[in-house]
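Beneath this line is the structure, given in structure tokens, with notes to follow.
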Amino acid sequence: MNCLDIFAIICACLFVLQLCAICLYEEGTASNSLEEGLGVTTWWGEWAKWSACTRTCGGGVMSQERHCLRQRKKVSAGKDNMTCTGTAKQYHLCNTKECPPAGRSFREEQCWSFTSQLYGGRSYQWKPLYPDDYVHISSNPCDLHCTTVDSQRQLMVEARDGTSCKYSSYRGVCVDGKCEPIGCDGVLFSPNVLDKCGVCQGDGSSCSRITGNFRRGTTTLGYSFITQIPEGSWNIQIIERKKSADVLAVTDQAGNFFFNGGYRVDSPQNFHAAGTIFKYRRPTDVFETGIEYIVAKGPVDQPINILLWNQNGRVPYITYEYTILRHAISPVAPPPLYTGTESSAGGLSVELGGLQGPNGSLFHQGSQLSQVNILLHCFIHATLQWY
């Protein structure tokens, strides 16, 4: 074989390699329009059936896929399917009914599923490393952190689709490892949000924010009425602005205490009352930093009364605020039942068996009824009004 033959073979090989490179380029290049690849057209195939829901309750996720199809020569196709624009996968919420309160949470179920697997030749019982409310403030809310019940091992995996999470101010669910928003209309990926009045896509004009304060100049020991919060109110805040030994309390209209009643101080905790959860916090003593406050998301399903147990006779400073729909706003009626005589303009000296509320009900102290003298400040117009 002479040099010319060898040269011819080399040229032939190079030509074949170049041809292969061109073929590979054409096969590996994705084209989304007819202009990008001469003689190649693309279009979406049909959507596949929806997948099974990832949860049986609490809001799972269903998905379906489609594929972008390509062909070398132009084919007759509809106007709307000549290019593969849009998404190849779509999602839908499913089984949104609430789960039974006594069951495991979805994160607990996911961690528990690892119990059947062996690690280091033995099995463990698994549980979430963090409580569910922690993941709402986590920077990676769709990471599932699990730990063994004896805290010897930990693992982290991607949470399953449908796991609840918090997306900014939105409620959300995990989809493919990312927290995606659920709009106020209950639609996944929806941008619609509640206004300050709780109205989906509202303009904030249907409600009012009620604020007030309690800074009574003349004080007596015992329970004093601060204000009544109407039924339907939400975003409730009662805050002690001046640190003291006084204690906040909440009752229903019949005078039954939800907490801090009977001259007893409950420990700081969450209380289920009036259809919502009241978060009650206070320092352990007057020397500890922090203030006493009560907050509740609401709405409350009945009117509630806010009281102050004054323990030292000093002037208190309490602020309160809540939101209520405008059509529900009505003045608090004066007490229909009281005994006593008007002692001076703007004051009323009343002797009661227990503490009488704005509706005339008695706030009983334990099982005993004590005669309590309280000064009820009011403005005297056509009728007596509480403030």
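Here the Cβ of each residue, glycine as well, is placed from N, Cα and C on the backbone.
Record features (TrEMBL):
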{"type": "DISULFID", "residues": "Cys53-Cys94", "note": "disulfide bond"}
{"type": "DISULFID", "residues": "Cys57-Cys99", "note": "disulfide bond"}
{"type": "DISULFID", "residues": "Cys68-Cys84", "note": "disulfide bond"}
{"type": "DOMAIN", "residues": "161-207", "note": "domain 'ADAMTS/ADAMTS-like cysteine-rich'"}
{"type": "DOMAIN", "residues": "210-324", "note": "domain 'ADAMTS/ADAMTS-like Spacer 1'"}
{"type": "SIGNAL", "residues": "1-21", "note": "signal peptide"}
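Rounded to the nearest whole angstrom, the C-alpha distance between Cys57 (disulfide bond) and Cys94 (disulfide bond) is 8. The CA atom of Cys94 (disulfide bond) is located 27 Å away from the CA atom of Cys84 (disulfide bond).
Packing around Cys57 (disulfide bond) is summarised by its Cβ count: 14 other Cβ atoms lie within 10 angstroms of its Cβ, all protein chains included. For Cys94 (disulfide bond), other Cβ atoms within 10 Å of its Cβ number 18. Cα to Cα, Cys99 (disulfide bond) and Cys84 (disulfide bond) are separated by 39 Å. DSSP assigns Cys57 (disulfide bond) to coil, not to a helix or a strand. Comparing Cys53 (disulfide bond) with Cys68 (disulfide bond), their Cα atoms are 25 Å apart once rounded. Listed disulfide-bonded residues: Cys84, Cys99; maximum Cβ neighbour count within 10 Å falls on Cys84. According to DSSP, Cys68 (disulfide bond) sits within a strand segment. Annotation note: Cys99 (disulfide bond) sits in a coil segment as assigned by DSSP. DSSP states for the domain 'ADAMTS/ADAMTS-like cysteine-rich' (161-207), grouped as helix (H, G, I), strand (E, B) and coil, give 0 helix, 19 strand, 28 coil.
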